[in-house]
Amino acid sequence: MMNFEGCPSDASFGPFVKGCRGDFDFTLKFELIIFFIAPSCVFTALTFVRIFVLVSKSRIMTGNRIPLNLIKNVYSPIQIRENCFSSSQVLGLVAGMTTAALSYYEHWYSRRPSMLLSIYLFLSLLLDIAHDRTLWLNAYSTLEYGFSSVFSAAVAIKAFAVWLESRPLSKLPWGDSHVKETPDSTSGVYSLSSFMWLRGLLRLGYRKVLALSDLPALHGNMLGVVYDRFRKCSVNHFTRAEQSQERGKYKLVHALSTTLTLHLLLPVLPRIALIGLSLAQAFLTQAVLRYLEEDQPHSYSWGLIGATVLIYGGISICTSLYWYFHERLLCLVRGCLASAIFHKTLELSLTSNARSASVTLMSTDIDRIHKGFLNLHELWANIVEAGLAAWFLWRQVGIAFIAPIGLVLLSFLGVSIVGNYVGLYQKAWMGKIQNRVAITANVISNIKHLKVSGMTRPVESIIQNTRESELRASRGTRRLQIASLIIAFAPDLTAPGIMLAATKSQDFSSHKVYTAIALLTLLTVPLGSIFRSVSPLMSAFACLERIQAFLELDTRKDPRLITHSTPDTSSASGDEKVYADPLPMSRSSAVKVIQASFGWQGKEQACLKNINLTVNYSALTAIIGPVGSGKSTLCKALLGETPFSAGKVVLERDASCKVGYCDQTPFIRNCSIKENIVGFSKWNPVRYLEVVEASMLSYDLRELPEGDATIVGSGGMTLSGGQKQRIAIARSLYLDTRLLILDDILSGLDTQTEHHLFQHVLSPNGLLKKRENAPAIVFSTHSVKYARWADHIFLLNEKGEMIEQGSWEELSTYQSHLQSLCIQEKVQMTDLKQLEPVESEQPLDVTMSEIEQTRSSRRGADNQETIASGADSSARQNGDLGVYRHYFRAVPPVAIISFVTSSLSYGFLYSFPNIWLKWWLLDADSTRPHHPKAFWNGIYAMFQILALLSELLTMYLALTYFALISGATVHSSALRAITRAPLYFFASVDLGTITNYFSQDMTLVDGALPASLIQFASDVAASLGMAGNLAASSPYLAASYPLCFFLLYFVTKYYLRTSRQLRLLDLEAKSPLYAHFLELENGIATIRAADWTGEYLVQSRLLLDVSQRPAYLLAMVQRWLLFILNTFVSLLALFTVALVTQLNNHGTGFAGAGLISLMQIGQFLTNVVRSYATLEVSMGAVSRLKALTESPHRECIEGQEVVPPQEWPCRGSIKIDGVSASYDSQNDQVNEKSFSLRELNLHIEAGQKVAICGRTGSGKSSIILLLLHMLRPLRNTREDAITIDGISIQNVDPPILRERIFAVPQDTIFLPQGSSWLENMEPFATNAAECRSVLEDVNLWDVVIAQGGDLTAALDSDTLSQGQRQLFGLARAVLRKRAKAQSMSEPAPQGGLLLLDEPSSAVDFETEGLMHRVIQREFCEYTVIMVTHRLEFITQIHSVGQVSVDTQQGLFDRVLVVDAGTIVEDGHPAQLLESKEGKFRALWEASRV
């Protein structure tokens, strides 16, 4: 046992000794209690809690950890023998045993080294080192020296144990190296606090261009387990609130906090430690100044140096741990919210306008939530820190502390007033963003039809006007943001002058003033942080309210009843109501509709009324009716998708599980053809080849260079309409289902393909009837040509009422409506078996290995294209100053110079008052002051007020000037680049990628960029000023600045090479996720019918986790840089304190100014890192937008566009000489297989009416696209190879070309939901009366009346049938023609060019006659080129109830038959019909069936 006779004070608690050891040590009793007993008690208690948590988990580790436990057990008895008190001996033994036990359980049940054990061992090691020093200083006898030596050995063993405990388990010699985890999930507290686990990623990013595959996966806790738990919590909170009829705004916040409680609490402990360490900075300043002013032992200086190391080193470590845990929390918040939004999107009804909001909520709103929650823990921590600082300040300056506190209270009042309005303005702004993104996404997804329609420039103008309206709506939020920031800066800038003015002269000593300034800094800086956080936090809560409102929307209510013989409901999905035999249904019945009515806008406006229908297994049920009769509505009603219904729809259980559904508009995913067909079904090669043959795709797959591995582009951009339709048919055939619903699937197909499909799929001898469990088939159509072979026929009239139903035999026994339709359409009653057999397609002979090989090579090419997109490899690593020029190009140079000047002025005016205070104190300490206090105080306050005004100017320029001007310019450039991009660009670039430019990228440009620019510029300027103050405190420190700047430059360069790439990967990785959302929005009915919602949810989780990886790692790399800078500040603090205490030749004035600057520069460097991190992410968005704007993908060389005369084309003559073209990019080495047109030669005289026909995929629509400069010829084509009225179209400005040529696409494009009828026609409208006249001509005025009564009513395009959509497209063309005629100031030829791409593919016989009459009447003097599969009107004119048999009186005087991109027949239809072996004759005879 040690004796205390050498130092009597060792027997007391102390804590400091007196009269021995230089009066610079703790007493032994204090060390035993504080260094041994207290830590052992706390550690033992926490150990039992930790072991209890660990044993509840499953074992994850194998291997042997006996060596580590032996080391700790060896250390324990060595440790406790020196203790002189029995309590310390017992607790030391218990701590040693619990250390071994905890190490054992952590090894078996935890992936990472024990944090609790690592912290305890490290802290106890530091305390043991201090105690070891005491033992050696107190040793006098041989026994005591021996004991001290043994304890030193014990300290060395503990140091080794600390090193072992910090190692990842897989790297220990006895660990399990087979466990593969992410670096941070296996790292100990030392690696986490220093971010050493990132060193591999940083090295990799410095050496090479990073790809997503180079990034480690996220920790398992960030995956689906947390998301599922959040979903359950949110459902429970919303359900309880609904049951209690509460309308709380924070239900989503409660659900998040409940789900992430542990992650929410983890940052608390290091943040509390930061509070204590921050306050310790002020007391360190006071202690150093007292040491310089008073005569104290030199040993105290070493204590101050040690305290500096502990305080600033502790700040670095605690800051790192705090941000590590907090960034993980933010990552999980984003994942939970995005997952919930996607899940809710799956549940919304087809008519919900909120589906288009999902992308905005997931991008813009979640980003603002992330920004607002970034300082979530800072709120309470800053309040605590400010409260403690205020108390210490009161003790330091007395009553003078009331002055800054009054200013703080006024600031609180101002922030409260501002905060009340932030949410209101923020919601209005977000609504504008949501509207713009919805319009943009709708336009991009329909860009092909938009270009064909000639609406590019009008729609571009509409979107840009929407953008400018959005920027105007942001002004209110920006002004509030400026007010909030100024209020936040005010206390920090003006409080010191107010406090010094209230301070008594007798309290004006250096150490008191500088200590008060330090405490005031600890008061105002946290409060300023709170004030700056209020606006983003209120914005975050406003966005959370928007997401909560989205999640609380009514879900799709499936009114269908599922029947089966037992009450088992396990297979029922969604909201379907399940009953055990609610109605008598025979085993052969799949669906029964009983006295049902269906509608989209309310039960009083039902589209279908009093429907009774039975659909049987192994039977084909044909639903026949004219345009707008409700055929598509009935199909969707059988799927449970109609929002309003009455009566009953009963499904047999087998028919309800999976339903094969083909919509009129095919749902095509942006993947390979094979993946589109197979979907999420199990792979069956026999079934796959079977459905490919049946859907007549084998020929197309042989013609495509990559076969079924061909990527089809967003919405099937590279495919023809018929190919898309047949892929959708093949998908429904491949699906293992007992019910198929086919909505007018044969429209848009050529006659031969149509017959082939019906014969091989739907006929009595077709594929479906031959299957073992033949499904029930519902087939809607406007034609009666296949009614004879239907098992059940269901006829509808134009009012949505059933006329008659029954089998063919039943309906043909009397004068039925069916027979009148057959007579009207002149349908031959020929049996299918009597038709000439369709040429057998060559079987698809492609092995799966070839397909996979092709697909893998395609992926490699895509990856290379992705890497090259946005910026080249060098720019991704080293940056591009051109990005800043691109952003500021629209800003006047005077504004930029003013911004830089105001920022630098702020930096000088903020830092110089510390030097002024030093001069003031020197003058005050002199016996005869040169100036009164008012002089010094007034100038001091003047500097601070000028600094505030400089910052106000900086904010105004960035937020209201740069943001509005540059935001509009950058958007306009990007939008122009997209609308003028060639068609192949949209086939190769995903829809989600393009949408991401206008959602997340544009959001960063609007919000994060100007705010981070202000913060970065101000903090850099202030940091430079503080560095000057530090240099003034010690010339030796100033001498080290060149080395410091060199090190900072190297660290920053090392950091930027990785962070730049991560920021681009962060933006790029979200594009597939956005594309997935948009894909879901377009195909939700098909996905729900096939019961693929679970698979889509899993896929969304995978895409979400992939998108999280670069964002999470970018945040961590930014925190690594913060740790390096904090370490740098720690070294500066160490050198500063060491120099001023050891040399002691600078006086307290400069030392105090230097220490105050040291406190402030740490905070400024933290803000610099934070603001630069946001700035570089925002500039990454600008970089992507710049790359898009400067993309080489252009329809015409910028600046070389030719604008033809206003009246062009006035005749419509066309000349095409030897042109070959491909959908691929302009490449002379294009595979000939990919040619869409081959050596095309075509001359069309003015005024000719030309019909183009041929099998689907033969190149008919390609001719239309060629004339519209959307399909460009090969590069070696002559410039005058394509002319219209003698002018080559290759250099004509493409948007102008498409405006001058009137074209009607197969699929009509509409503006987003909510736009009026007039707005949808307004780009070409002359007046409302003209619009009404045109709509009446095409029989759409009754639809207008039904939807609201006039042209200002909202046009609900979802309720329009495909035929009505095509009528609207024709109405637009008529309106354009009339507008052109009225715009001519002088008489001019009234001719022109009209292109129609299957304009009547989805209409019935009578409506088609109407459309042809309108075309003949309105465009009689025009050259008309029509692509059509329906040949009845090529050779004869039909009128209602009357047929002309004179084939010489046909609408068209010329027919082109196209096959494989080549014109194989050309002539008058009558002449071509005379050729019995001709292609046109074969097509025409097939159409007569």
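Even glycines carry a Cβ here, placed using N, Cα and C.
The compositional bias 'Basic and acidic residues' feature in Swiss-Prot is assigned to 852-862.
According to Swiss-Prot, the domain 'ABC transmembrane type-1 1' annotation covers 272-539.
Under the heading domain 'ABC transporter 1', Swiss-Prot lists 591-823, citing sequence analysis as support.
Summarising the annotation, Swiss-Prot assigns domain 'ABC transmembrane type-1 2' to 902-1187 and lists sequence analysis as the type of evidence.
Looking only at the domain 'ABC transporter 2' (1214-1485), the predicted model's pLDDT averages out at 81. The domain 'ABC transporter 2' annotation in Swiss-Prot covers 1214-1485, and the record cites sequence analysis as its basis.
The annotation N-linked glycosylation site is assigned in Swiss-Prot to Asn612 (among others). Under the DSSP three-state reduction, Asn612 (N-linked glycosylation site) is assigned to strand.
Long-range C-beta contacts of Asn616 (N-linked glycosylation site), restricted to its own chain and to partners at least six residues apart, with a cutoff below 8 Å, comprise Ser588, Ser589, Ala590, Ala776, Asp791, His792. Taken from Swiss-Prot, the feature N-linked glycosylation site covers Asn616 (among others), and the record attributes it to sequence analysis.
Annotation source Swiss-Prot lists N-linked glycosylation site at Asn670 (among others), citing sequence analysis. In the three-state DSSP assignment, the secondary structure recorded for Asn670 (N-linked glycosylation site) is coil.
The transmembrane segment feature in Swiss-Prot is assigned to 33-53 (among others).
Residues or ranges marked as transmembrane segment in Swiss-Prot (evidence: sequence analysis): 84-104 (among others).
The transmembrane segment feature in Swiss-Prot is assigned to 116-136 (among others).
Annotated transmembrane segment per Swiss-Prot: 143-163 (among others), in sequence order, evidence recorded as sequence analysis.
Residues of the same chain lying 6 or more positions beyond the ends of the transmembrane segment (264-284) and with a Cβ under 8 Å from any Cβ of it are 257, 304, 307-308, 311, 314-315, 318-319, 321-323, 325-326, 328-329, 377, 381, 384-385, 388-389, 392, 515, 518-519, 521-522, 1137, 1155, 1159. Here Swiss-Prot flags 264-284 (among others) as transmembrane segment, drawing on sequence analysis.
The transmembrane segment annotation in Swiss-Prot covers 373-393 (among others).
Annotation comment: Swiss-Prot describes 397-417 (among others) as transmembrane segment, evidence class sequence analysis.
Annotation comment: Swiss-Prot describes 890-910 (among others) as transmembrane segment, evidence class sequence analysis.
Ranking the glycosylation sites Asn612, Asn670 by C-beta neighbours within 10 Å puts Asn670 at the top. Note: the Cα of Asn612 (N-linked glycosylation site) and the Cα of Asn670 (N-linked glycosylation site) are spaced 39 Å from each other. Proximity of distant same-chain residues to the transmembrane segment (373-393), defined by a Cβ-Cβ separation under 8 Å and at least 6 residues beyond the stretch ends, is recorded for 267-268, 271-272, 274-275, 278-279, 282, 322, 326, 330, 333, 401, 404-405, 408, 516, 519-520, 522-523, 526-527, 529-530, 532-533, 536-537, 540.
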